[in-house]
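Enquirer: Here's a structure for you.
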Amino acid sequence: MSCVLTGVVPLGLVLLLCGAQGFFLPNVTQLEKLLSKYQGDQPHSRTRRAISRADREEILTLHNKLRGQVSPPASNMEYMTWDEELEKSAVAWARECIWEHGPTSLLVSIGQNLAVHWGRPRSPGSHVQSWYDEVKDYTYPYPHECNPWCPERCSGPMCTHYTQIVWATTNRIGCAVNTCPRMNVWGDVWENAVYLVCNYFPKGNWIGEAPYKTGQPCSECPGKYRGGCKNNLCYQETYGQETETDDMNEVEAAPIPDEKHVWVTPRVIKPKKPKKDSPVNYMTQVVKCDTKMKDKCKGSTCNRYQCPAGCLHSGAKIFGTLFYESASSICRAAIHYGILDDRGGLVDVTRNGKVPFFVKSERNGVQSLSKYKASSSFTVSKVKVQDLDCYTTVAQLCPYEKPGTHCPRVRCPAHCKDEPSYWAPVFGSNIYADTSSICKTAVHAGVIRNESGGYVDVMPVDKKKTYVASLRNGVQSESLRTPRDGKAFRIFAVRQ
């Protein structure tokens, strides 16, 4: 083996905003395989943590201390808390003993800092401090320099460890330490290398953005903090309620409290009328062979239609070729264009502006007519059907573009509700941010059942200024205010 001097190597991560849509998250099988590494053989077995309580406290305390003393001061820096799920994902990667960021499938959702050393013992806090010390090479980009994107001001080899630590909206962290018997570090094999992995959520290091807003500390905290401020950090009082009390850092079942009996007079409850089921919204409209585009398209959901069988020999008229006049039969136009046959099926419609004239032609057994008068037009396209995992977003699948975007009809697997929000987030209610998991959103909206999954239709729309959180069907969505990028979507049930 090569002789390597005792040393420390950090590794930082930059996530490209423009490239995030290119990532696809793991399917259920891969995720279960990853999470199975955290689970013992017995559901209540005692297992020692991959990081000691002292190291955990040191890492978390130092992060919050450093975040509270940035210069220039931050107006929106959030207090950071420890997250068990992030710790588990860090444990899984640390045990791989691979000197690179990973796993790739998770990097779309999390930020990550890495460090490794061998020889003389070092505390995890010393690595955190070395990450932060990159500040000496970093110049903060003030608002007037961002037009709209902020310049990258790093005069050293790397500043991304520092920027991830002080990324204002990153408010959760989970780390793990693992001793690797043999670890390849840039071509050299280190024996008994101590590997530190820290995962962060929400991720930071977005290219073109400043890590935080500058100003009076806590003057621009998100509304959920309700004015709370501690050591220059946006703070919620609930943070102080520590639940873990085991100083040995072992996980075991909590003791059952002593049983107490409270005698009360039972209250008489009047029977309530059964609640009416909420109306189910469908994007796909069921039409007849003679249904005209101008008669049916009178709302936002007029871009997908279910045509019946037997329209080939219907007497319904169509006008034009490729571009069809709005008085044309939707289903006959789809057969003329070659999207459907006489068996019927799904067709997507795109509304267009006025066309000066429409030319007749005969295609696929359907004769269209001419009309030499300017009129509104539409085009037709085939509806694809695609299977998804629990993590795919509209931003990845079919982001909104003007004048409109058609998404495939998608089939969601079962049990997406159980996926953690780091990998399958949901932002909003009724109208959702397009960075939300499609299938978990479908459960939240009530268009599919979590136990069975199923087909859904999605409609990309332009972005909203705010997305409001809500708890529906066992799924807690998150709020999102004034998003700089990204669009939105609506989600609909499919008739079975």
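Just so you know, glycine gets a Cβ as well, placed from its N, Cα and C.
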Enquirer: Looking at Asn27, Asn450, which residue has the N-linked glycosylation site feature per Swiss-Prot?
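Expert: So the answer, going by Swiss-Prot, is Asn27.
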Enquirer: Which cysteine out of Cys234, Cys297, Cys331 is the one Swiss-Prot pairs with Cys311 in a disulfide?
Expert: Cys331
Enquirer: Could you tell me which of Cys398, Cys407, Cys439 is bonded to Cys416 by a disulfide, according to Swiss-Prot?
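Expert: In Swiss-Prot, Cys416 forms its recorded disulfide with Cys439.
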Enquirer: Do you see any of the disulfide-bonded residues Cys331, Cys390, Cys412, Cys416, Cys439 whose C-alpha is within 10 Å of Cys307 (disulfide bond), and which ones?
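Expert: Passing the 10 Å Cα cut: Cys331.
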Enquirer: Taking the Cβ of Cys331 (disulfide bond) as the reference point, list residues of the same chain whose Cβ is under 8 angstroms away and which are at least six residues distant in sequence.
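Expert: In sequence order, the residues whose Cβ lies under 8 Å from that of Cys331 (disulfide bond) (at least 6 apart) are Val287, Lys288, Cys289, Thr291, Tyr305, Cys307, Pro308, Cys311, Ser314, Ala316, Leu340, Gly344, Val347.
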Enquirer: Tally the residues of the domain 'SCP' (60-200) by DSSP class, grouping H, G and I as helix, E and B as strand, and everything else as coil.
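Expert: Summed by class, the stretch gives 45 helix, 40 strand, 56 coil.
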Enquirer: Counting only other Cβ atoms and using a 10 Å cut-off, which of the disulfide-bonded residues Cys289, Cys307, Cys311, Cys412, Cys416 scores lowest?
Expert: Cys289
Enquirer: Mind checking which of Cys390, Cys439 has the fewest other CB atoms within 10 A of its CB? They're the disulfide-bonded residues.
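Expert: So among Cys390, Cys439, the disulfide-bonded residues given, the one with the fewest Cβ atoms within 10 Å is Cys390.
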Enquirer: Measuring Cα to Cα, how many angstrom lie between Cys439 (disulfide bond) and Cys412 (disulfide bond)?
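Expert: Per the Cα atoms, Cys439 (disulfide bond) and Cys412 (disulfide bond) stand 6 Å apart.
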Enquirer: Taking all residues of the domain 'LCCL 2' (384-487) together, what is their mean pLDDT?
Expert: 90
